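Peer 1: Structure in structure tokens, see below.
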Amino acid sequence: MNQVTDWVDPSFDDFLECRDISTITATSLGVNNSSHRRKNGPSTLESSKFPVRKRGNLSSLEQIYSLENSKESLSENEPWVDKYKPETQHELAVHKKKIEEVETWLKAQVLERQPKQGGSILLITGPPGCGKTTTIKVLSKEHGIQVQEWINPVLPDFQKDDFREIFNTESSFHMFPYQSQIAVFKEFLLRATKYNKLQMLGDDLRTDKKIILVEDLPNQFYRDSHTLHEVLRKYVRIGRCPLIFVISDSLSGDNNQRLLFPKEIQEECSISNISFNPVAPTIMMKFLNRIVTIEANKNGGKITVPDKTSLELLCQGCSGDIRSAINSLQFSSSKGENNLWPRKKGMSLKSDAVLSKSKRRKKPDRVFENQEVQAIGGKDVSLFLFRALGKILYCKRASLTELDSPRLPSHLSEYERDTLLVEPEEVVEMSHMPGDLFNLYLHQNYIDFFMDIDDIVRASEFLSFADILSGDWNTCSLLREYSTSIATRGVIHSNKARGYAHCQGGGSSFRPLHKPQWFLIYKKYRENCLAAKALFPDFCLPALCLQTQLLPYLALLTIPMRNQAQISFIQDIGRLPLKRHFGRLKMEALTDREHGMIDPDSGDEAQLNGRHSTEESLGEPTQASAPETWSLPLSQNSASELPASQPQPFSAQGDMEENIIIEDYESDGT
């Protein structure tokens, strides 16, 4: 009897029509329905005499039909980013060279890996939406490599009974069921490198080749990056499979790559670095056209098909982020969203480019174009420091006729310039940098773009005036924007060689940009101040007075000193050896993806404009503890307080002999 009742369809067919077939079977055969069947046993047996099974078959067909309709509706509402995600290399919107570079690394570190080889690490960087993670997954799938991806754990939801059990005074003491993210991350790396991935339902990939993918690091690593460095060092020793980190570039000034993976760690752990570029407009245009064609053929009149001009504006406004472009395309193609494309009729980007090449481009059209891009893309356009400096230093201009704008009178003709294609204030704002820091980079690189010494003098005057405006800490917050505007516009206006659109300014060849030497000089200055205060504490003078007034005279006096650290410091500060050749310091090149960050050893941002705190830089007069005499301290322990960058102590006799040799050499030369 029980076997018959197990296969009898329930009486509530209408309720079960909206449920899955597997769910119906499970509930009809489940244990939870046994009591219900025992209570309603006779009525169920009576109903089994009638042809209920045929009615059940009809309801099952209706359920299958409803499930198919629901799947179709779900596919229509599915995000196009997930619906059209690439499955092969040909579908990737990434440059072929980058794909080959990643594929070569995977073959060398996974497919051709030695048995006892340590853990290899790859760092992939690039802007958001350029296909970093997708490229790894697609290439791994094609080469039969398993991907074990780290996902930050979510804290479990506590129920009311859990809190009662934890804080129950009668029971024994209970700890919170919490484990730090760093501990969970270390355990994940250990398990992932030792054990293979579990074979889930529908997973046909069975191979021992695998990689570990980390895209979302625990937040604790951003506060304490040294913990991550220790994890990397240990993984290089004990790791059995490659480890890949994916970090997106940030244009807001937060350089996670420099914080988490400094150059020292990359060299120590032999970390490979592959940098992705934003998706090219041509590749993005081809990808969006394919999506529009498929959706138009599938949905017919359910979507609004954008024209070619709208797609061009969308590609230009998304700043190389294909994920943002696909989302904007899906949102704008929905029915009733025809007003998302505010543009001129008959205006295309290609026609606009033709106008600019033929020198017929006007300022109102340029302003309208910028408004179009901002309205369509839905994403703020930002600039890296390298490109922002290039726009200021190369200062491209648009040629204007007499009808476009009035000319200056003859006595002011030397100040006449063509109209700029960029707004300097907007360029600095899009670089997401403080204005005084941008002035430092501008001051370091502006000379190489000038051809006349008079223009350099005029530009240096503008930079000096800008530094004066931002030098006073009391008015710095109010005058910082004016200071940046004067510096950028002054440098642009002073360069007469680039004052007109037809001028090349010494050629349009590429010129490398460099980081400011101010950071290195100011770091050396701070170390000298701290060393002077540590080595000569009995002289109640600020560090600046010690180095400019006292120590140069002590170097000329014959006062016996037994402290080698003091002797070395006085010789380094108070004397300038004649054989030391002073020249330009070694400059560090500025890369195209680097942010303008303050040197970690140079202090706070307030030090950029020379506003040094009295306690750290100049040093307040420190009163020594009951000084009896003004003699130099003879303690040999002061040498340990000397910074590492200071020269090693050497005897004064050797320095005198060196000076004598130099004098003899010069006398022979004369």
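Cβ atoms are placed via backbone N, Cα and C, with glycine included.
Not my notes, these are from Swiss-Prot:
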| type | residues | note |
| --- | --- | --- |
| BINDING | Gly126, Pro127, Pro128, Gly129, Cys130, Gly131, Lys132, Thr133 | ATP binding site |
| COMPBIAS | 620-651 | compositional bias 'Polar residues' |
| COMPBIAS | 655-670 | compositional bias 'Acidic residues' |
| REGION | 31-50 | region 'Disordered' |
| REGION | 421-670 | region 'Interaction with MCM7' |
| REGION | 593-670 | region 'Disordered' |
| MOTIF | 6-14 | motif 'RAD1-binding motif' |
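Give me the lay of the land around each of these features.
Peer 2: Other C-beta atoms found within 10 angstroms of the C-beta of Gly129 (ATP binding site) number 24, with every protein chain shown included.
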Peer 1: Out of these binding-site residues, Gly126, Pro127, Pro128, Gly131, which one has the fewest other C-beta atoms within 10 Å of its own C-beta?
Peer 2: Pro128
Peer 1: In the same chain, outside Gly126, Pro127, Pro128, Gly129, Cys130, Gly131, Lys132, Thr133, whose C-beta lies within 8 angstroms of the Cβ mean position for the ATP site?
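Peer 2: Filtered neighbour residues, in order: Ser248, Phe276, Asp321, Arg323.
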Peer 1: For the motif 'RAD1-binding motif' (6-14), provide the mean pLDDT of the predicted model.
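Peer 2: Overall, the motif 'RAD1-binding motif' (6-14) comes to a mean pLDDT of 46.
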Peer 1: Drop a 10 Å sphere on every Cβ of the binding-site residues Lys132, Thr133 and tell me which sphere holds the fewest other Cβ atoms.
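Peer 2: So among Lys132, Thr133, the binding-site residues given, the one with the fewest Cβ atoms within 10 Å is Thr133.
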